Structures are given as structure tokens and as C-alpha cells.
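Listed in TrEMBL for this protein:
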BINDING   B:GLU145, B:ASP176, B:GLN202, B:GLU250  divalent metal cation binding site
DOMAIN    B:448-593  domain 'VOC'
BINDING   B:HIS451, B:HIS525, B:GLU602  Mg(2+) binding site
Number of protein chains: 2
Amino acid sequence: MPTVDIRRGRGMRTGIATVCLSGTLEDKLTAAASAGFDGVEIFENDLIAAPWSPGQIRQRCLELGLSVDLYQPFRDFDSATQERFAANLRRAEHKLELMQQLDADTILVCSSVAPDAAQDDDLIAEQLRTLADRAAERGLRIAYEALAWGRYVHTYEHSWEIVRRADHPALGVCLDSFHILSLGDDPAGIRSIPGDKLFFLQLADAPRLDMDVLQWSRHHRLFPGQGAFDLAGFLGHVLDAGYRGPLSLEVFNDVFRQADPERAAVDAMRSLLTLQERVVANRDTAARRPASTIELPAAPELAGHAFTELAVTETSGPPVADALAKLGFTHTGQHRSKPVQLWQQGEARILLNGGGRSEQDAAGEPAAAVNALAVESTDPARSAQRAEALLSPVLPRNRGADEAILHAVAAPDGTSVFFCPTGEHGATWSADFTPTGNAADTGTGLTGTDHVALTQPFDHFDEAALFYRSVLGLEPETTAEFAAPFGLIRSRAVTNPGRDVRIALSVTVLRRGEEWAPGVPAPQHIAFGTDDAIAAARAMRARGAPLLEIPGNYYDDLDARLALDPDLLAAMRAHNVLYDRDEHGEFLHFYTEVLGSRVFFEVVQRIGGYSGYGAANAPVRMAAHRRQRVTGSARRPVHT
Amino acid sequence: MPTVDIRRGRGMRTGIATVCLSGTLEDKLTAAASAGFDGVEIFENDLIAAPWSPGQIRQRCLELGLSVDLYQPFRDFDSATQERFAANLRRAEHKLELMQQLDADTILVCSSVAPDAAQDDDLIAEQLRTLADRAAERGLRIAYEALAWGRYVHTYEHSWEIVRRADHPALGVCLDSFHILSLGDDPAGIRSIPGDKLFFLQLADAPRLDMDVLQWSRHHRLFPGQGAFDLAGFLGHVLDAGYRGPLSLEVFNDVFRQADPERAAVDAMRSLLTLQERVVANRDTAARRPASTIELPAAPELAGHAFTELAVTETSGPPVADALAKLGFTHTGQHRSKPVQLWQQGEARILLNGGGRSEQDAAGEPAAAVNALAVESTDPARSAQRAEALLSPVLPRNRGADEAILHAVAAPDGTSVFFCPTGEHGATWSADFTPTGNAADTGTGLTGTDHVALTQPFDHFDEAALFYRSVLGLEPETTAEFAAPFGLIRSRAVTNPGRDVRIALSVTVLRRGEEWAPGVPAPQHIAFGTDDAIAAARAMRARGAPLLEIPGNYYDDLDARLALDPDLLAAMRAHNVLYDRDEHGEFLHFYTEVLGSRVFFEVVQRIGGYSGYGAANAPVRMAAHRRQRVTGSARRPVHT
């Protein structure tokens, strides 16, 4: 079996189809080159709308260091009708001539979806052989691909059978992971195709969706690692078969189609780097060798949330500090050179940064926002090296002469992600804080940070999930969607295997407009763990914490649905504690009101192996937060 | 056959499920009442998240003049397991108690989707009979509905069979048009169900989508008249069967879920008023009686575009006027009291209004925008009465003492829609213009206005289509979606039967953000008709009109695909004329550059019965307009 060196820059070439990116062809080529791709597939519609002639496009690609690896697609070539076939051949000749000007040596011909599609393997093989002859005369090649919704040919096995029958050196197969994996075909059969007949490989991931496969393909593809397909396993088969062409992405996605192409191209490259790492890891596991031969630094193990930093203003800072005190936190440290306070309870640590990024919401209300999240890494420097190798923006750190070095990168939503050493905080970042000498509060039973929940910018939800997966080595959990009072929400959490780092990402399924966008805009929250949610709520209420009031109807419904122990139900009702359960355990949790304009806190108690985030209760929380926002406004008072 | 008087206010009650609307229950009830609904269905999740007790909700509904017609849904009631059934019955008892506080007399019980669903008609009938007994003790009723994706019961015929077997006065059927029409069931069978067993009717339209029926139902329902279902035919069957309950809307729609509920409720009411009119019209046709018994004034026939008005500024006005002159228009009139110019060529008329609404785009570029469109109506006063009866905002008209009365209403995007008398313009609106005395230009062969194309606000695309359909009596054409350089676009045109009024609506399929939203934001254009597009383009170019340049690649592809007559192709290439064809005919068209920041003009030639708008060419146009915008900016020059 051949072995392949897929290290970056020395091994396989990377490519991206222009259809993956938003903008005009001019925008797309620039973005692909900036992200470091070696080549592009030129999507025909992009070329048609471009002001440059094919020769000018070739010149532009040369300037950018891009090869044109594929011209695509050529549709509905074969035909049961000779007259139609002649017209198709004429059309193809025009495109072959264009390819010579473009300096693209391979054209993708996909299986026909036309009513007149040929339905005879030998006839299709004969027609493709005719085309391959024409291509060969020009030094070009034909890569034949089975569309999952092809009229007659829709599996890669069938496309290979036709290519085998045609038996022409300028005719090979194009494999597209979407078409194969969406149908549930076994990709292991690819190993039986000779490597030199695998002319091209298009990679795309996708979420599992129960819908028409054409619509699924045209609108919902994702970059590898963002969806549900086993791309590493797929690619392993293709490489083992001897494929030596580029790893090229072909992703039709409604969001990427309209998002910043420079960012999408970086996201795409990150997906390919991580995919290659996973293929190497699979091989090393199979070969019982370590994965150390790949250039990408392996993701160090993480060991919990070190701290979370909130940017506050002069106006929003004091109420947030007051709320933390009432939640049982102690102001234990003051930064030596910056206006930053350290608040602690158990292993939960919050920094209030009065000098960091601050935001104002549309109404000009003073805002508090999550500025940074810090995770403990067993090797912070390597974490940062990995992040940089995965094209994450490394953040400079303004620090005093003898302050701790903190490695940080920017997440797709702009949040700083710090990598701190595990344990022994006194020796590192917290040494930058002068103890306040405040007596430690007795606390309210909070043990640490359970998760940080961040609403993502609409265009960057899948990018964010891949960032945390690839850069931090977290694993995504199942994506959930639920109907909230102001529109659908999609959420996805990423966790480490020990589940002591959890980041919950969410996004509105449709971007909301300005006309009617009430509720809390882009909410963020920090959830603290406890072993007794009801006791914590009781203690916090006694201290006057701004806990969120939950409607009685919620508890009546809980009773109707679950027939919980009446004492537990009464305690939850008295303390505004919500409840969820799954097949592994139970979940008790409660919230504060919103502080500033978008941040709130949550307290969670996990019983047994409950692994969720109480998403079923989120709409109740959102309606309550909305009420908090309109209280005191011109709205009608609640009947009492 | 029973007859039903469904005139508004005297006949059938109207209702809306709270799940149709965005916001909290408080927001939803207010919106439903404002739009004039008689009652609501309370969606359970809305109640659970509400701060009011059921009694307080009842009180609020009383204040608002709303009845609570249905409490819904109660899921997974029947069970093959006795223990599970006992738990479900306990749960149901809690909800029956709640309904008494809420003063809701009917609860919707839908067919089970649970793994333990009973799969025996007699067992389900027995279990429902038990529930009906409990309900009857409280004076309540059970409406049993077949979900299209129910585990065992998924057709209305099956739900009726079970209700028939149960034979309990407090148990009847709930019909939901979506569940029935999505499966392609024949609704004529409803006529065989006794009217007094039809306890409730839920109405929803939907586009035809090839996807999982549950997802289709939960995300893509529409108000009647916005989708592809024959709701009037459906409702006719239900009324003929003797149904006497409310016409209640239950529409799960991702956009409506996040859009302004006050506007969505008005849209909903407009859909019900129009639906009733259509049912009456069907009956009158069947009975050979005129439709004059309905209170809604019938839509007068329209007879073409009278004029289109552009709001311009001091800066944008002169270049637009200059462009019109170069397109062969003549400035023929000046308004007697306002800074409004009338420009004419053939039957094409443009008003340039320097005193109307003006806009600036984000970059502060002086804008021109379509301010008003005017159609010729055979009865302008009745058109306006109909618009008002359909809850459209009637616009006041500031006019001088002896100026013409013009009836106008506001479309959902804020565009004014004027109703002008047919023909004889001199006697009406154009009498307000003093002739300039300018010699009529020889023109460039434009004959009139072919269509006006308006990009709609994201939240209001379906509302806009229904507005033009119901208020103006236009018929929607098929919805099309296409991939454009900056994201997907959905478009839908509405026309009158004579096809001399055409309005093309479009919207981005996903709302675009601020980070990467190039191209022309929310473009609008006016398309003029001609009998010779190439001659018109030649004449306009000779006059120096700012025509949009189309890439050579476009013509190379046309040649490859269609093998057009070489002379025609050469002429199109020389004059930047685009081409499309359908089974009825051909389409030649070309564009101007964007004037101001969002408006441009198009010239179209329809040959034979071509009925489209050249949507296939829109991406080429968009890329070219984008190039126009970046020309002269910091972007790299095009290679030449």
C-alpha cells in the first residue's frame, strides 16, 4: 500500500472551488491566495460573470501563485439522442478551448440529470471516449463524476464502471465526498479503483439532514470537520487507493455564499489542515506509531476554565461587581498595572476589566461583555503555536516588565482565548494581581466554571465551532435548534474529553433585523457549577442577588409532565430553579437578570451524567429577560 | 347543502394561533387584537413562558376582546402501555384544569408520534373516550387532529374513523389544512364528516417543498394565499360539511417567528379576508350568482403602469435626469406646486421628485429610490376602498386646491402605490403638470413600462406578495431562487391577467450583514419595453447613455450553449444585450449602470410569449454593477 506524506507545503496540494466563496471571481481568487491555497477550481458561473478573459484569469492566478486545477462543472454531456449529443459535444469543444486559454488541464463532467440522459453504460462510455479523444488532442483530461441525483449514474461505483469500459488515458473519475457519503455509500470500495484513474477529489462535509439530496447539496454543505461526515476515513481510502491530486474543497453553503470570502477561505484552509492531521492520526493509530511526524503541533490537553474576563465600563462595572458579591464571590485581587479586578469563589474566577473592550448597545445602555476566556493548557506555548499554525490571529499582550506571559489568540467572534498553565495559578497569571486582603466570603457553594455561552455572529457560527474544535482540540456535541420567543436559535457546545472545558455557541437561525429585535441582543453568559442549586439560590437570594424570576406556569407544566417530588418542585418554584433531565441524569439551574445589556450568570447543578445545557428551558429564560428589559417602560403593567 | 354567510363581522369568526407571531404572549395578544382577530389559539409554550396566570391571561384577553378558542397542542396522549396512558391522563387533567381558568373550551389533542403510540383504532377510541368524559365533566371538548407524521394516525380520514368509533359528544375532529394538503390527501372527503363533529379548523398555506414533512410544517408554513395550496377549495369543503367554528390560522414560519408581530397579524388578517372572498367567489361561480354580496370591494381591473416616481436629491437628481434624456426620454412637464418633473417616452412615464422621500446609503452617497408606483385602475376609488378594507395604510395626499385626487396606499416596503384612472391622463394626474414645451425627443423606441422590480425588506417578502395579490388583485408567478455573487436571491413576480402590470419582488434568502455586503444594496429598477432591444441599445449608446458593460465570457458561453445566429450574437455582444428563452419565446434585455446608489433602468424586448424576467442573467448583471461600484476605488485594476 502506498504511503503519502501529507505534511503542509511538502505533501498534498490544497485547493478550493470558487463556488465556496462569496463575491466576484476577483474577490474569490484574492481570498484563496491569501489563505494559502495552492490552487482553485474555477466554477463556470464565476468565470462567465468575470470581466477578465480566460487568459487574463490565468495571468491573475499566476500572479497570485494559484494553479487552476479544475474547470467545472460540465453538465448533461451524454445523451440518448444523437442530435443532442452532437450539440453537447460542440458545447464541450468550446469549453476545452477556453480551458487551454485558462491553463486548466482537467474538466469536471458530471453525470447527466437531463430527461434525454443516456441509460446504457456502453453508450455513455463511448460518448465519454469521444470527448476524451478531443481533450487528449489538446493535452486535457476529463474527470467524470456521479451526482447523487444523477438520472442514471449516481454512485461512484457506476461512474468508475463507465470509465473502466471507456478505457481512455484522458478519462478518469472525480470523487466528491458529499455525493458518496450523502447516499450512505461505503467509501471503502474506492480502494479498488486504480490511483491513476482518480483524476480529482472534491471534499465537503455536511450536517445530517432529512431532505432532498440536491437541496442538501446546494445549500448546506460544510467544510470538513464542521458537519457529520467521516471525512478522515473517506480521505484515508482515497489516499490508500493512490490518489495524488490536490485536496480540493467544493462547498455550496448559503452562509458562506454571502460571508466575507477572506475569512471563509481561512476557515476552509483550517478545515483542510485539521483533516490532514486526522488522517495522519488514523494511519499512525493503525500503524501503532505516534502522530509526531505531522508539522501541526498536537493540541495539548486542556484542564478547565482558568478565568473569564468581562469588559465593563465605569457605569456597568459597579453593578456587575455588586452582583458578583451577592453571588458569593470575593474581590481577591487587583491587577498591578491595569484596571482589572479578580473575583473568586471556589475554582470560579472572573476578571472585571475596566480598560478593555467595551460596548454599547443600540440604546446606548452601558454594556458589559465577555472579553476573554482562559483555559488551562498542559502546554500553553504549544497551544499558541498550534493556533498560529491553524491561521488564528495571535494577540499581542500589553504587559508590564515582570508580568506573566499569557498566550492568546482571537476566536472568530473577537473573544480573546488565553492559554494558561494548569494548576499553580499563583506562579503565573494570578501573580500579576496584588491581593486585596479581603476576607474570603463564605460563598454560596459555587465550585467552578461549568461553561461559557457565547452568541456567535451570524456569518461565523460554523467557523467558530471549527475554530474551537481544531485550535483547542474540543469535540463538538450535537447541534440543537429550538424555537425561542424572537426566532429560532441554533446551539452547539464544544467540550474537552474531561468535560471541564465547555463552551456553548449559539446563533439565530435567521439573522434578525432592526425593526423587531427585542429580547437581549447577542446574549453571553457564564455558568458556574454547584453541588446544590437550591441551596445556592437560597443563599444568593438572602444576599439580594438579582436572580431571574420564572413564571408559575412553568412549574405547573413541570408538574403535569414529570410528576416530580412535590418538595423538590416546591423548592424549585420558590427559588426560580429550572429543571431538565436526559437519559443520563438531571439538571437544576437558575439565572441572574441581565447585567449591563447582554451578560448574565447562570448556576448549574449536574446530577448523574446529564450532559446538556437545559436548552428546553432557554425560551422561558429569554421571555423573562425580555420582561426585565421592558419593565418600567411604557408597556402595559402586568395584572396582579 | 348548508349555506354560510362569511362576510366579515357578520359571519365566521377569525382566529390566530399565538405560535404564528413573534414575541412573548403579551406581545402576541396585543398584536392579534390590534389586527381585529376575534380569538386566539393559545400555544402551550407561550403560556408556560408567560408571567401571567391562566386567569390573568383570560382577563387580558377579555380586555382585548379576544376569545380563547383553543388550547394547543396536547401531544402523545394515547399509548399502548397502560402505565404510560395513566401518566398521560394525569397530565391531561392538569391541562383541563388550566383551561377552565383560561376559559378555553377546546383542547387540541394530536395523534401520537411516541414510540409507545397505540396502534389499534379501538384502543385509541377508548382512550380518547376516557379523556372526553373527563373534559365533559368540566364542560370542555377534545378536538383530535391527525399529524401528517403521526406514528399510526396521520390522515384526517383515520382521525375521523377513531372519533366515530369513540362516539362521544365531547370528542370531535380538528382539521389542519397543512396536514391534509401536504400529504396530497383529497379534502373532498371532509364533506362526509358531520358538521357538528368538526370541532376546529386550522388554516395554513405552504410552498411546495421536497423535504421532510415535519420540517416543512415547522418552518415553512405561510398564511393563506402566500403558498401553493388551494385553501379556498379546501375551505369550501369544510364549510359545506357544516363547520361553524372560527377560521383560525396556525402558521409556523421562521421569518414570522422573528418579525414584528403587529405587522404579521395584519398580514394574517389580510390573508383570511382574501380567502373568504375567494370562497364566496367559488360559490357564486358554482351558483352562477355575482360575488357582490361580500363586503370587501372587488378588485377593479388594472390597465398598465401609469408612472413610476423616483425620489431624488439635489445631487442625485441631475444625473438621473441626464440618464433619462440619454435613454430618449423628454422632460415634458413640471408639477404646478411641487419640485416634480415628468419625463416621458411612449407610454413610459417617470416622475423625478426632488421633494419626496430621499435616502442615503451607508457610504453617504446621494441616493435615488423608487418612491411610488402608479397603476391604472378602472375604478381608482374602489381600489383604494379595497386596500383600506384589507388593512393597508391609506396615504394622505398633500395637494393644491385644484389638483387631481390620487388614491394611494403604502406597500409593505413603504413604496406608495397610486391608483390612477385608466387612459385620458390629461384629465387627471398629468393635469397637475405644466407642459415644459420641450420638443418631444424622437426617442429610442421605448413603448412603455414593462415592470418595476423592488427588493423587499427581509421580514416582509411574503407579506409583500400577498399585499399585491390581495389589494391589487395581481396573480403571483412561480417563486425562483438563484445563486448571486453575494448570496442567494429569491424572486417572485406578480402580474395582472393582461400582463400590462408587472411587479417583480426579490429578497435575499438570508439577510446579509454589515461585514461583507457589497454589490448594490437593495437594488430597485424600472424596466421599459421595446420592440427592438438592439436598436434601442444602439440609439442609447449613440446618445451616451450609461449602459452596463457585459463580459465577453457571457457571450462565449451563450454561443457554446445555444449556438445562436452569429449575427444576432455579435450584435448582442457589441451592445451588451443579454438573452434568455423559455418554451414560449425569447427575451433580449440590457441595463444601465446604477444611478445614485440603488436604482437602475432596464430595457426589455419580449419575443413570442416569453413570460420571465431573465433571472438567469441577474448574477452577471450583479457582478457588473459591483464592478461599477469598486471602479476607481483602491482595488486592483483589471488587467487589459
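The first residue you see is number 1, and the count goes up from there.
Placement of Cβ uses the backbone N, Cα and C atoms for every residue, glycine included.
Where the annotation comes from TrEMBL, it is an automatic prediction and has not been curated.
The model shown is predicted, which means the values in this text are computed figures rather than measured ones.
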Mg(2+) site, defined by B:HIS451, B:HIS525, B:GLU602: further same-chain residues with Cβ within 8 Å of the Cβ centre: B:ASP450, B:VAL452, B:ALA453, B:ALA504, B:ILE526, B:ALA527, B:PHE528, B:PHE600, B:PHE601, B:VAL604, B:TYR613
Rounded mean pLDDT within the domain 'VOC' (B:448-593) lands at 96
Near-site residues: divalent metal cation, ref B:GLU145, B:ASP176, B:GLN202, B:GLU250, CB cutoff 8 A to centroid: B:GLN72, B:LEU108, B:CYS174, B:LEU175, B:SER177, B:PHE178, B:HIS179, B:PHE200, B:LEU201, B:LEU203, B:ALA204, B:SER248
Quick one: pull the CA-CA distance for B:GLU250 (divalent metal cation binding site) versus B:GLU602 (Mg(2+) binding site), whole Å only. 41
Among B:GLU145, B:ASP176, B:GLU250, B:GLU602, which are binding-site residues, the residue with the most C-beta atoms within 10 angstroms of its C-beta: B:GLU250
Let's see if you can do this one: DSSP helix, strand and coil counts over the domain 'VOC' (B:448-593), in that order. 45 helix, 51 strand, 50 coil
Quick one: pull the CA-CA distance for B:HIS525 (Mg(2+) binding site) versus B:GLN202 (divalent metal cation binding site), whole Å only. 39
Helix, strand or coil for B:ASP176 (divalent metal cation binding site)? Use DSSP. strand
Taking just the CA atoms, what is the gap between B:GLU145 (divalent metal cation binding site) and B:HIS451 (Mg(2+) binding site) in Å? 45
Identify, in sequence order, the residues in the chain of B:HIS451 (Mg(2+) binding site) that are 6 or more apart from it along the sequence and have a CB within less than 8 Å of its CB; answer 'none' if there are none. B:ALA493, B:ARG502, B:ILE503, B:ALA504, B:ILE526, B:ALA527, B:VAL604, B:TYR613
Output, ordered by sequence, the same-chain residues six or more apart from B:GLN202 (divalent metal cation binding site) with a CB under 8 Å from its CB, or 'none'. B:ALA17, B:GLU41, B:GLU145, B:CYS174, B:LEU175, B:ASP176, B:SER177, B:PHE178, B:SER248, B:LEU249, B:GLU250
If you run the three-state DSSP split on B:GLU250 (divalent metal cation binding site), which class comes out? coil
Using a 10 Å radius around its CB, how many other CB atoms surround B:HIS525 (Mg(2+) binding site)? 22
